[in-house]
């Protein structure tokens, strides 16, 4: 009963704090909160959206089963910090000047191509679907587990959908970020506290847990872990794939366009990955500590919920809310990004005379329809959902050259971006589905090959044509904005 009451209280709190954020009137306000979010909102917006609820169930099971390999989240978080820093400033400057709302709109501006905007918008929506479904599944599963079967997974999903759809559809990005602040604060403080409590009360503390691992399962402290025969390249591949692709998700990237200043962006891209590394690093340590326990070995995805239940009803309640907070944070960001892409990057591009009010209506109904569709989709077999979600990373890394070269290399052009992206995606997903022997032998994931194809094509295409005329104007925008930042903070924004 206590876990159910705490989950209900948390959901009620999300609705309560968002009651004043409902009623946006334009798609721009819906998508970006009119560029008004400060450092706290952007930092925890990144954190709550990026770290998925399934990380506490499905993906923590990876560390429970294989040990140290789960620590790949640390180096991948560091790479993502670098990627965030590289893309943040220019994305914000162009976003502020040209009133951009999405990553796809940014790419459409940079390459002066509606086709790229539609293509990347569609890809972002399609690749986000498995993550949305897996988060719905996680919400239903946590409801069911925390209430000892009183609430079925289906009813749990319906409750979660009703709460999130209501504040996302009516409040847009402002409501999403307001909820993200609560979710992120809970994840960092209450969530970390309950993980530390369980580590010391049930697993003998950090020293005791590591000694148990060293005594009973020393292979879990080395790569690749027990029962696996993997090339050392696989470690590098999953770090690169996750690090380069992790910030390419539109539901994370789009938060850049909601910030109120470059100062906010620079502070947030430093704080968010560091807080995330600390939070998820602690999670992986607890998951590794569970490896020697028979129940955890037999039920790796359930292991963290089980050990918190063993610690008592209150630790279980706090942990259930932690998983719920992470899932709802991700789901709200995905719904906002998908609905904005459908309305702004597809509908308004294909039919130019759609008004802002009509575009907002399309976005809101998209949230409702996506939420309802997820009820059916989330009943796809869990193993298939995990496979599809992991496969999507093989696509997101292919997008990274299109974004990074577009931001930093004047010669990057439309033809290279389109051909490179399409062929890179074909190679990446083709290898994922075909699973040729060399993938296992050499350890490089399919996304790495797709990334290299895209990068190579864009480099060749860039040297085959002169710099496109509009690119000089975009680079001049950056130079002017940087010049303004030498003035007191806020001077650049006032000038724009």
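Cβ atoms are placed via backbone N, Cα and C, with glycine included.
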Per TrEMBL, the transmembrane segment among 177-200, 201-224, 465-488 spans residues 177-200
| query | Are the transmembrane segment (313-338) and the transmembrane segment (177-200) near each other by the rule of at least 3 C-beta pairs under 8 angstroms (pairs 6 or more apart)? | reply | yes
Margin query: Are the transmembrane segment (115-138) and the transmembrane segment (150-170) close enough to be called in contact, which here means at least 3 C-beta pairs under 8 A that are separated by 6 or more residues?
Written below: yes
Long-range Cβ contacts under 8 Å made by the transmembrane segment (269-293), restricted to residues 6 or more beyond its ends, are 39, 42-44, 46-47, 50-51, 55-56, 60-65, 67-68, 70-71, 73-74, 77-78, 80-81, 84-85, 88, 184, 187-188, 191-192, 195-196, 198-199, 203, 206, 209-210, 212-213, 216-217, 220, 303-304, 307
